[in-house]
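This report concerns only the one structure given below.
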Amino acid sequence: MRRRLLTILLAAIIAAGATAVTAQNCGCGEGLCCSRWGYCGTGDDYCGTGCQQGPCNPPPALNNVSVADIVTPEFFNGILDVAEESCEGKNFYTRSAFLEAVGPYPQFGRIGTVEDSNREIAAFFAHVTHETGLIKEQNDADFCYIEEINGASRDYCDQNNDRYPCNPNKGYYGRGPIQLSWNFNYGPAGENIGFDGLNSPETVAI
């Protein structure tokens, strides 16, 4: 359970910072960068964040902010406690798993000023609580849902995506804190994290 929860949080962070990878065409000419999407060029779009090869920009300097000092137990539980006891996310999302998940991503919440760090972390939590929230009688219950409401009845298969073909017996509807969806997102998320996103998309919500 703990390992799979870590998986979903990692998937959330990866998906929050990137859209689907549609090609891997590295092998660029001299002086060109291979972007995180696999295309050749120059400038920040190619040589900046996620650059794979070539004269990539140096990584930004990290500040001394501790994500754990911002996402305190009081902060995290203050969000979680709003959820009703009947919410499946009440016992699914934990601060400790979140902190483990961000560990391999040292740039998360640690670039720029302390104010920048606070804004980035606040924006992340604003996004995930919106995606998982329940609105009932004008009271928000954040971290309530693990899966998209009626998601199984919706089609999130891009039949034109040959790189990440759909398994006809699986559904690629929203799951987890950012509601990871579509086959072209489940595929690369699984490759990056280490699970079969196309054949076992339900791993994200187990």
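The backbone N, Cα and C atoms fix where each Cβ goes, glycine too.
Secondary structure at Glu131 (active site, proton donor), as computed by DSSP, is helix. Sequence annotations record features per position, and here TrEMBL assigns active site, proton donor to Glu131.
Secondary structure at Cys28 (disulfide bond), taken from DSSP and collapsed to helix, strand or coil, is coil. Annotation for Cys28 (disulfide bond): same-chain Cβ neighbours under 8 Å, separated by at least 6 residues, are Cys34, Cys40, Gln53, Gly54. The annotation disulfide bond is assigned in TrEMBL to Cys28-Cys40 (among others).
The disulfide bond annotation in TrEMBL covers Cys33-Cys47 (among others). Counting only same-chain residues six or more apart in sequence, the Cβ atoms lying under 8 angstroms from the Cβ of Cys47 (disulfide bond) belong to Cys33, Ser35, Gly54, Pro55, Cys56, Asn57.
The disulfide bond annotation in TrEMBL covers Cys87-Cys144 (among others). All chains included, 21 other C-beta atoms sit within 10 angstroms of the C-beta of Cys87 (disulfide bond).
In three-state terms derived from DSSP, Cys166 (disulfide bond) belongs to neither a helical nor a strand segment and is classed as coil. The local packing around Cys166 (disulfide bond), expressed as other Cβ atoms within 10 Å of its Cβ over all shown chains, amounts to 21. The disulfide bond feature in TrEMBL is assigned to Cys157-Cys166 (among others).
When the domain 'Chitin-binding type-1' (23-58) is classified with DSSP, helix, strand and coil residues number 4 helix, 5 strand, 27 coil. What TrEMBL records for 23-58 is domain 'Chitin-binding type-1'.
Residues or ranges marked as signal peptide in TrEMBL: 1-23.
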Rounded to the nearest Å - Cα separation of Cys157 (disulfide bond) and Cys144 (disulfide bond): 26
Taken over the domain 'Chitin-binding type-1' (23-58), the model's mean pLDDT: 86
Cα distance (Å, whole number) from Cys166 (disulfide bond) to Cys87 (disulfide bond): 30
Protein Cβ atoms within 10 Å of Glu131 (active site, proton donor), excluding its own: 18
